[in-house]
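A.B. asks: One structure coming up, written as C-alpha cells, with questions to follow.
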Amino acid sequence: MATLSDIGVAAGINLLSAFVFLLAFAILRLQPFNDRVYFPKWYLKGLRSSPSRSGTFVKKFVNLDFRSYLRFLNWMPEALKMPELELIDHAGLDSAVYLRIYLIGLKIFVPITFLAWAVLVPVNYTNKTLELQLKNVTSSDIDKLSISNVPDGSDRFWTHIVMAYAFTFWTCYVLLKEYEKVANMRLQFIVSEKRRPDQFTVLVRNVPPDSDESVSETVEHFFLVNHPDTYLTHQVVCNANKLAKLVKKRKSKQNWLDYYQLKYSRNNAKRPIMKTGFLGLWGEKVDAIDHHITEIEKLSNEIAEERERVLKDPKSIMPAAFVSFKSRWGAAVCAQTQQSRNPTLWLTDWAPEPRDVYWQNLSIPYVSIAVRRLIMAVAFFFLTFFFMIPIASVQALATIEGLEKAAPFLKALIEIPFIKSVIQGFLPGIVLKLFLIFLPTILMIMSKFEGFTSISSLERRSATRYYLFNLVNVFLGSVIAGSALDQLNTFIKQSANEIPKTIGVAVPMRATFFITYIMVDGWAGIAAEILMLKPLIIYHLKNTFLVKTEKDREEAMNPGSLSFNVGEPRIQLYFLLGMVYATVTPVLLPFILVFFGLAYVVFRHQIINVYNQEYESAAAFWPDVHGRIISALLVSHVALIGLLSTKHLAQAAPLLITLAVVTIWFYRFCKARYEPAFVRYPLQEAVMKDTLERARDSNFNLKPYLQNAYIHPVFKEEDDDEEEEVVKLENESVLVPTKRQSRRNTPVPSKMSGASSQSLPEAVPEHSVP
C-alpha cells in the first residue's frame, strides 16, 4: 500500500506537471500568432484585433518583451477581477452559474476541512488499532489517519457522528442559500433580458393527423380557435436531415477546394494531384481542383433537388410546429397548460432558443420516443454493469503486487523507490482516466437517440448518466472491487462472521487511490485544460493550409464552449468523494480544495476569454446540480452507517438514519420551494415584462421578428433568393382555406375573406418550413 511519502512524491509529480502546463500556457498566450487561440471570444465580439508589431520579422510571431514573461501568472488575478454582473452580461447566466458550482465546493469544504483536521485527524491518529489488532489486513500510513484506526466499540466514534451532523447541516445551509440565490438570478435574468424568440414561442408536438387538412392548416386552426387573442404565427417542422448532410458534405468539399487552390497559388508550376480512393490513399489520380469543382457542382444539384422535395412533399412535414404568440403571457399560458382532453395530443412545452434547438431530433415521431428511451435505459444498465469488469481488472493490476504477479521480470525495476512511488501514486488514476475518455461521446450518442429536442437537454441527460456511471463504476467499483481484491486472501482464511469487520476496515483504505485520481484528473487535468493544446494545433493547421481571408481566419478559430455533460459530472465526483471521506479519511480533503480553487480560476479565465457558449438556458441545470450534491450526502450517510455497523456501534445507526431522513426532507423542501422557478414561468412576471415592453416600444412589429426565427439552419445557409422564397411561402398563409367540413362552424373570421371561411374546392399546400 502507498505510504505518506509515496503520496508526497505523487503529489509533487502532479504539481510539477500542472506547473509545467501553466508555464507553457503563460508563454504561449503571449505570442502574437497564438492570440486568436487564447482570446477568441474578444475577436468574435469585435473587441480585439490581431496584434500588430513593428520591427523585425521575428517580432511578428514571437514576443521579445522579456518583462512580460516575468508576469506570467498575472492572468490569474485578471480572471478574478470581472464582477459577476458584468460576467453575466459578457458570457451569459449559464456560464456565471456554472462557476458557482466551484464556489459552492469551496464554501462547503473549506470549513469542513479545517474542522475535520482539527477534530477528526487527532482522534483517528492517536490510536494503534491497525498496528496491533489487524496485522493481517493490508494498510498504509494514510489509513492510520482514518476512522479505521479507531478501535471497535470506542466512544470516539461519537465524535464522527457529531461531525457527520455538523458537515450535513453546513452543506444543507450552503445549498439552501445557493438555491435561493440562483433562483433569484434566473428570474432577474429573464426579467432584464432583451427580447428573444423563445420568450414568445412554444414547441407543439404530436399534432393529430387530419385527412382534410395539412399539418400547417391543422395547427393554425387549432390555435386560432383555442388561443384567439394571443396566437400570432407558426412554423411547421420538416425533416431536413438529408438536406443538412448534403450541405455539410458540400462545405467539406469546399474547404478542400480552398486548400488546393491556395496550394496551387503558392506554386503555379504544378497543379495538385489527389487519389479518389478512401482518404486519398488509393484510387485513380485526378486533378484535385477540377475534381472538387465537379463534386461541388454535383452536390449543389442534389441540394437543390432535395430542397425542392422538402418544400413540396407533405411527407417531409412532421406533426410538430413552433407556435409564436403576441405576448409572453400568451406563450406561458400555452406552454404550461394541457391543450386537449387527450393528454397525448397537442403536447406543448417552451421552445428552446433558436441556437439551442437540436434540429435532427425534431423529425423523430413523438410516439417512438418512449420506446427509444426504454431501449437506452436498458443499454445504459448493461454499459454501466459490464464496465466494472475491466475497471476492476485494471485496478488490480495497477498496484505493486498486481504488476509483480503479472510481470515478474519487472520486479527489480518496480522495487526502485522512485518507480514504486510513481506506480502507487500515479498509475491507478491515469489508467482509470484513459478508460473514461470515450464515455462522454457514447453517452451523448445515447441521449441523441432518445429524441431530446435541445442541446441543453441533451447535455443535461448525458450529465445525469455520466454521474450515475461515475457513482457506480468510479466510486463504488473502485471502493468495493478494489478492496475485495486487496483482501481476497484474508477473506478465504477467515470465518464468515469476520468478513463484515474486514470490509468495514478496508473501505477507507481506497482513499489512497482517490487521492491519486484527484491529482491526475483534477490538478493536472485542469492545468491541461487551459493550455488548449488540441485547439492550438488545429488552428495553426487551418491557418497554414486553408486560410485565405480574414473571414477564413475567423472561422478557423474554435473557441468551444462549456461541456456541461462532461464538466459537471466530474465536479460532482469530487463532491461525492469529499462528502464520503470527510468523516472517514479527512486527509483527502485538502486535495479536493486544491482542485476546486484551481478549477475556479481556470474556468473563469476560459469563460471570459475563450468559450463562446452555444446556447443560453438561464441556468436550467441548477436543480440537477443541487440534487446530485444531496445524493452525495446520502451516499456518505449510508457509507458511515455500514462502516460503524462493523465497529460494534449499533446504537449509532438510528441517529445516522435520522440524519439521512432529514437530508431527504431538506431536498423535498428545496424542490417544492425553488424548482418551480426553473421549470415554469410565472404569469405575473410575464405580464410585467409585456407591459414594460409595450410602454417602451409600442410600435414594435413582433410578427416579422418571430416568423423566421425558427427556420431550419440549412435554409439560412442557402443563397438570398432561396431564403426569400421560404419567407414568401411563410407569409402567404397566416390563415389558409381548407376542405375540412368542421371549418364551417369555426367562430374565427378568416384573414383572407374577412368572415368565417366556407369549405373550398381545393386546399392550399403546406406553407412554412423551418
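A Cβ is built for glycine as well, from the same backbone N, Cα and C atoms used for every other residue.
Automated prediction, rather than curation, is the source of TrEMBL annotations.
What TrEMBL shows for this protein is this:
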- 6-28: transmembrane segment (TRANSMEM)
- 101-120: transmembrane segment (TRANSMEM)
- 157-176: transmembrane segment (TRANSMEM)
- 199-361: domain 'CSC1/OSCA1-like cytosolic' (DOMAIN)
- 372-644: domain 'CSC1/OSCA1-like 7TM region' (DOMAIN)
- 374-398: transmembrane segment (TRANSMEM)
- 418-445: transmembrane segment (TRANSMEM)
- 466-485: transmembrane segment (TRANSMEM)
- 514-533: transmembrane segment (TRANSMEM)
- 573-603: transmembrane segment (TRANSMEM)
- 652-669: transmembrane segment (TRANSMEM)
- 722-770: region 'Disordered' (REGION)
- 744-760: compositional bias 'Polar residues' (COMPBIAS)
A.B. asks: Do we see three or more Cβ pairs under 8 Å linking the transmembrane segment (514-533) and the transmembrane segment (157-176), pairs being at least 6 apart in sequence?
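C.D. replies: Taking Cβ pairs at least 6 residues apart, the transmembrane segment (157-176) and the transmembrane segment (514-533) are not in contact, as fewer than 3 fall under 8 Å.
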A.B. asks: If I take every residue in the domain 'CSC1/OSCA1-like 7TM region' (372-644) and average their pLDDT values, what number comes out?
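C.D. replies: Averaged over the domain 'CSC1/OSCA1-like 7TM region' (372-644), per-residue pLDDT gives 79.
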A.B. asks: Take the C-beta pairs under 8 A between the transmembrane segment (652-669) and each of 101-120, 157-176, 573-603. Which stretch has the highest count?
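C.D. replies: The stretch with the most contacts is 157-176.
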A.B. asks: By a Cβ-Cβ criterion of under 8 Å, what residues six or more beyond either terminus of the transmembrane segment (573-603) are in contact with it?
C.D. replies: 11, 18, 76, 79-80, 98-99, 102-103, 105-106, 108-110, 112-113, 116-117, 120-121, 124, 142-143, 145-147, 160, 163-164, 167, 171, 467, 470-471, 474-475, 507-508, 511, 514-515, 518-519, 522-523, 526-527, 529-530, 562, 567, 628-629, 632-633, 635-636, 639-640, 643
